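What follows is a single structure, written as structure tokens, with notes after it.
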Amino acid sequence: MNIIFMGPPGAGKGTQAERIVMEFEIPHISTGDAFRLAMSQGTPLGLKAKEYVDQGLLVPDEITIGIVKERLQQEDCGKGFLLDGFPRTISQAEALDSIMADMERKIDYAINLVVDRKLLLDRLTGRRICKKCGATYHVLFNPPKAENICDKCSGELYQRSDDTAEKVGTRLDEYINKTAPLLDYYRSKNLLLEVNGEEEIDTVTSNIVKILRGQVQ
Ligand code: AP5
Ligand code: MG
């Protein structure tokens with residue numbers, strides 16, 4: 001099963017992806033996570049990505065597409081994958097189509113998590129992430145059992161550098177201008193399915209699972 005998760009910053013893509021990849025045993029491919037890892041390691045890719053990520057801007061297509069192309073060719077993607085945060089521009093979507101065609105594969109579902117803009121700021125400024133395993137929490141909506149400690153691996157939690165009110169504003173503008181047009185791209189291919197991302201985290205997960213198991217059209 002080849003899946004794309006779409007939705008604005010803070011819609012819950014990462015939170016749901018963590019759960020869905022466990023359920024379907026496929027790799028979670030997050031371009032945002034890939035950039036953050038490279039940034040933390042100070043690699044040439046990380047230094048380049050930092051110029052954009054820290055400002056809340058999209059990283060140029062040629063960089064992003066190259067990373068995804070390489071990742072999709074790895075063996076663990078053979079039985080499917082979940083793309084979280086890619087594609088984010090029409091050029092990226094067209095590149096993905098051509099990568100899929102070269103591999104004689106296709107996208108099965110583009111799931112759009114729908115959340116009103118006014119909820120996103122609270123979600124993003126309260127988000128915390130585990131330094132060690134990358135698990136996502138929220139200080140109010142999904143708190144860890146012990147403050148600032150990951151439930152899964154006991155790692156320390158941190159706040160993303162782009163989760164400030166100012167950068168969230170830029171990220172939302174980037175989403176509206178460059179990524180929202182992709183919804184029509186996938187709608188016209190009959191691949192887009194909308195899920196209410198404002199419900200409880202568990203409810204959203206079970207609604208996505210129903211779609212992926214073909215129990216909902
Ligand atoms: P990326 O890391 O992909 O960030 P994003 O798209 O802005 O999305 P987020 O990760 O912020 O939100 P999410 O939808 O994953 O929400 P989450 O589940 O964490 O990208 C970061 C940057 O990298 C970009 O700005 C860009 O610079 C670059 N980049 C990445 N991909 C790129 C690409 N393809 N092209 C170019 N540049 C790219 O949830 C948010 C919070 O809400 C959490 O605290 C969570 O606990 C909470 N929450 C989740 N669901 C619920 C719920 N149902 N109810 C209550 N709270 C909830
Ligand atoms: Mg995310």
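Quick reminder: no glycine exception, Cβ is built from N, Cα and C everywhere.
Whatever TrEMBL says is automated annotation, not expert-curated.
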Among ranges 30-59, 180-209, whichever one TrEMBL labels region 'NMP': 30-59
Among Gly10, Thr31, Arg88, which are recorded as binding-site residues, the nearest neighbour of Cys150 (Zn(2+) binding site) by Cα: Gly10
Least Cβ-crowded entry, counting other Cβ within 10 Å, from the binding-site residues listed as Arg88, Arg127, Arg160: Arg160
Cα separation, Leu57 (AMP binding site) to Cys130 (Zn(2+) binding site) (Å, whole number): 23
